[in-house]
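Working notes, beginning with the structure itself.
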Amino acid sequence: MGRERSGIVLVLCAPSGTGKTTLTRRLLTEFPRFAFSVSYTTRKPRNGEVDGKDYHFVTVEAFLRLRDAGFFAEWAEVHGNFYGTPLKATLDLLDEGRDVLFDIDVQGARQLRASLQRGRYVFIMPPSRDELEHRLRARGTDDEETIARRLANAAKELREARRFDAWIVNDDLERAYDELRAAYIEETLSPECRSAFLDGLLQGWND
């Protein structure tokens, strides 16, 4: 009959400090069908990050060579570092029927939507500017200049929220995760997603 359905694309965007990474990890744990899109980046690894698992860490020169060769489905410069999503690896996963989860910024989301022409795009929002600033300070990893830059970038990113398919305010982690989970399940039930399953059912009638 063929596989149950085709792979889907789920894209999460959020200002830094909104809780996107926590939500992403929970989704990957609950749904083994997900494959996480491992981005390439020129930034330095943070404590605990593993090359090839969290990111592919490369030099600026190597990144630019890959970009110019058409290697990326999307790429962007964020906070002075480059990030990019490998195109072929993404298409291979989707062809295998895997669902692919992206954790990218709004620039990348625009490019990815144009490149792949598919998927559910979800924007994770902080409850307020004050709460976002509190979370950034509580992390204890950024200096004042970096915090100010992240807040300024957050304001720009929030203006892009209307371009997304769904918005989730993360003022309560459990509720935010329930909403994200529902958005994913809704996408898996869409006619576009289940076209492979329908093709398999109809094949026997066409013989």
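Every residue gets a Cβ built from N, Cα and C, even glycine.
According to Swiss-Prot, the features are:
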DOMAIN    7-185  domain 'Guanylate kinase-like'
BINDING   ALA14, PRO15, SER16, GLY17, THR18, GLY19, LYS20, THR21  ATP binding site
Within 8 Å of the Cβ centroid of the ATP site residues ALA14, PRO15, SER16, GLY17, THR18, GLY19, LYS20, THR21, which other residues of the same chain have their Cβ?
ILE124, PRO126, ASN170
Taken over the domain 'Guanylate kinase-like' (7-185), the model's mean pLDDT:
93
Cβ-Cβ distance under 8 Å to GLY17 (ATP binding site), same chain, at least six residues away:
PRO126, LEU132, ARG135, LEU136, ARG139, ARG150, ALA154
On a simple 10 Å Cβ count over all chains shown, which one of the binding-site residues SER16, THR18, THR21 is most densely packed?
THR18
Are there residues of the same chain, six or more positions away from ALA14 (ATP binding site), whose CB falls under 8 angstroms from its CB, and which are they?
LYS20, PHE123, ILE124, MET125, GLU157, ASN170
Using CB atoms and a 10 A radius, I'd like the single residue among the binding-site residues PRO15, GLY19 with the highest neighbour count.
PRO15
